Amino acid sequence: MFARNTARALTAPSARLFSSSSARQTKVTVLGAGGGIGQPLSLLLKLDPLVSNLSLYDIRGAPGVAADVSHVDTHSEVNGYAMENLDAALEGTKVVVIPAGVPRKPGMTRDDLFNTNASIVRDLAAAVGRVAPTAHILVISNPVNSTVPIVAATLEKAGVFDPTRLFGVTTLDVVRASRFLASVSGSTPSECDVPVVGGHSGPTIVPLLSQVAKGKGLQGETYDKLIQRIQFGGDEVVKAKDGAGSATLSMAYAGAKFTNSLLRGLNGEKGVITPTFVKSPLFADKGIDFFSSPVELGVNGVEKIHPIGPLSAEEEKLLEACLPELKKNIEKGKAFVA
Ligand code: NAI
């Protein structure tokens with residue numbers, strides 16, 4: 001699923017993260033670059049050969065992160081921008097990654113973050129729409145099921161929404177599914193590319209283990225436990241960090257990995273397919289117009305939205321539980337902007 005043929009040509013450990021088959025280079029902006037995700041994400045993007053210019057913005061701390069990261073001896077230029085310089089950070093950018101906002105504390109759901117993060121994401125989206133209306137926007141800030149519709153509605157209001165350029169980053173669910181299935185099946189993550197569809201929170205996360213050789217035979221308690229772990233893997237980290245936040249390092253990895261996939265697609269590489277939460281026709285007849293399924297990324301961003309494929313009886317049940325919750329989350333986001 002992540003273009004392993006190209007990746008094999010690179011040396012470990014970066015091979016699983018970055019793959020570059022083309023020389024074209026791009027300016028990438030991180031909004032929220034001073035945070036727990038933003039800092040390691042900025043470092044990983046500095047290592048991506050497809051990034052020519054890295055623009056780091058936060059309401060606090062971005063110039064310091066930029067000065068630090070800029071000393072890493074890769075070819076890209078790095079600039080840091082303080083609060084009053086958002087427009088300058090976005091000028092001429094092709095890709096905007098947004099991890100700005102507050103993370104969960106123990107006992108919180110992602111939806112509990114809505115009140116704080118909805119307005120942060122809306123205001124940043126409005127700025128992108130004004131300064132860089134043709135940029136591709138990658139939303140990490142939670143709750144993703146609502147923040148992506150918020151970005152869409154905000155851009156729509158400004159008359160610049162293009163559904164081929166908006167992505168909710170659900171890659172961490174895919175990364176977790178791959179890692180956890182490898183443990184359970186005694187294989188390697190590279191043999192366990194699990195498509196994860198739906199949304200990005202608890203029951204809206206639907207891993208399709210039946211579509212992977214290593215996952216297809218799992219049953220009973222082993223199957224149930226693995227599904228539970230993939231759906232609620234974020235809680236493991238929140239609990240272990242004990243009040244100090246949620247996943248930051250694995251999320252930075254996942255964010256850099258998805259950004260690299262998009263950049264490869266934008267540069268003309270064929271066959272770059274990965275799950276991501278986009279405006280989607282798959283369940284539009286049920287009133288659900290955003291959904292994550294494997295998406296082919298190309299020169300315009302979203303090239304092709306693939307269907308979810310055949311489901312096992314268990315997966316049908318997971319999807320049934322996902323849809324009403326996802327619908328509620330999407331409507332909440334839309335209502336916020338309306
Ligand atoms: P953090 O609190 O460590 O960092 C957030 C950063 O955003 C801070 O540096 C803060 O100053 C900045 N910020 C706040 N308002 C801003 C604004 N208006 N403009 C620019 N920057 C602003 O939080 P962390 O751990 O980095 O998490 C960030 C978000 O990512 C949270 O909403 C979290 O729930 C989400 N997340 C998403 C995941 C996913 O799979 N999509 C996985 C893990 C976390």
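The backbone N, Cα and C atoms fix where each Cβ goes, and this holds for glycine too.
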Among Asn53, Asn142, Asn260 - the residue TrEMBL places in the same substrate site as Arg104, Arg110, Arg176:
Asn142
Candidate with sparsest Cβ neighbourhood (10 Å radius) among Arg104, Arg110, His200, the listed recorded positions:
Arg104
Could you check which of the binding-site residues Arg110, Asn142, Arg176 is the closest Cα neighbour of Gly38 (NAD(+) binding site)?
Asn142
For Gly34 (NAD(+) binding site) and Asn142 (substrate binding site), what Cα-Cα distance in Å is obtained after rounding to a whole number?
17
Which of the listed binding-site residues (Asn117, Ser141, Asn142) has the least company, meaning the fewest other Cβ atoms within 10 Å of its Cβ?
Asn117
